[in-house]
Amino acid sequence: MESTFPVFDPASPQAESIRDLFVQVLFISGGIFAIVAGLICFALYRFRVSENLPVQDFGSHRREIAWMVGPVIIVVWIAAISIKLILTVNALPVQYVEGSTDGIDLIVTGHQWWWEVEYPASGIVSANEIHIPTGKKLRVALRSEDVIHSFWVAQLTRKMDAIPGHENFVWLEASTPGTYQGRCAEYCGTQHAWMNFLVIAHEPADFEAWQKREKQVSTAPDDQLASAGEALFMKLTCSQCHAISGTEAKEDFAPDLTHLASRAQLGAGVLKNTPEELRTWLANPQAVKPGCKMPNFKLKDEQLDQLVAYLETLR
Ligand code: CUA
């Protein structure tokens, strides 16, 4: 799947301050570069003939003080605006107590190569898709299950590492409804490039509706093909890695599939979530995303039809 990743199109106060800092530092360093390069060019041209040397003078307190004080002012200024930005963008850490909802709105865990998304207040678990209400600052706790990943939604917030055994925090906020691209920004193995996710910002009322839908557990399908698919899912190893609420599949090694069919992408962005592409994925995940943790089960056509029919009922 192709997608753009706009870096200079902020959609949150945090991303706006990041863009502003970037532009300020770019102008300061661009200005210094222009002055230095200009002086070098001037000297090269003006004194190109060796007989034409400039007056040689040694020691000038005024100039020495100027070239020390000038850079110090610039460096202190850049440090000050950077620290101010870091304090605005980084959420203060909160000790998360299992079962409590104090202060943490979202827990995002990096896995090779997908993102687990948990809403502690509502118990919703999802993967590779984060739904948020607009105009609210959400405290996100970042974790990792294996290696270091980095959580990055350029239009909304800063990059922040997801580190095994250590929790990091960022604010996530969107000013306007929309779909924002997220990336893993730290090389984390073969499929680092396919560790994408989406942040979908809704008006608060729409977010409530989404939450209500997402909290519903799945019910047994009434269609025969889909029922056969469900039985197959539970019988095969699928249910030993994935969870689907309302069923006996409860493992969290692989993405939670409870509302799989309502998501936009498959395999952390590698495919669009359509019945055809889902079939391609199930037929051989290793051909689509080599090295991913889902093996090729060499399913028969009939089994693929059943599994696709079942998974499509998970809305
Ligand atoms: Cu995860 Cu790169």
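If you go along the chain as it appears here, the first residue is 1 and each next one adds 1.
Just so you know, glycine gets a Cβ as well, placed from its N, Cα and C.
Curation does not apply to TrEMBL; its annotations are automatic.
Residues or ranges marked as domain 'Cytochrome oxidase subunit II transmembrane region profile' by TrEMBL: 1-93.
Among the features that TrEMBL reports, domain 'Cytochrome oxidase subunit II copper A binding' is placed at 101-213.
Look at TrEMBL and you will find 224-315 tagged as domain 'Cytochrome c'. In the domain 'Cytochrome c' (224-315), the DSSP tally of helix, strand and coil residues is 43 helix, 6 strand, 43 coil.
Annotation source TrEMBL lists transmembrane segment at 21-45 (among others).
Sequence annotations record features per position, and here TrEMBL assigns transmembrane segment to 65-87 (among others).
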Ask   = In the same chain, who gets a Cβ under 8 Å from the transmembrane segment (21-45) while lying at least 6 residues past its ends?
value = 74, 77-78, 81-82, 85
Remark   = Counting only residues at least 6 beyond its ends, the same-chain positions whose CB falls under 8 A of a CB in the transmembrane segment (65-87) are 17-18, 21, 24-25, 28, 32
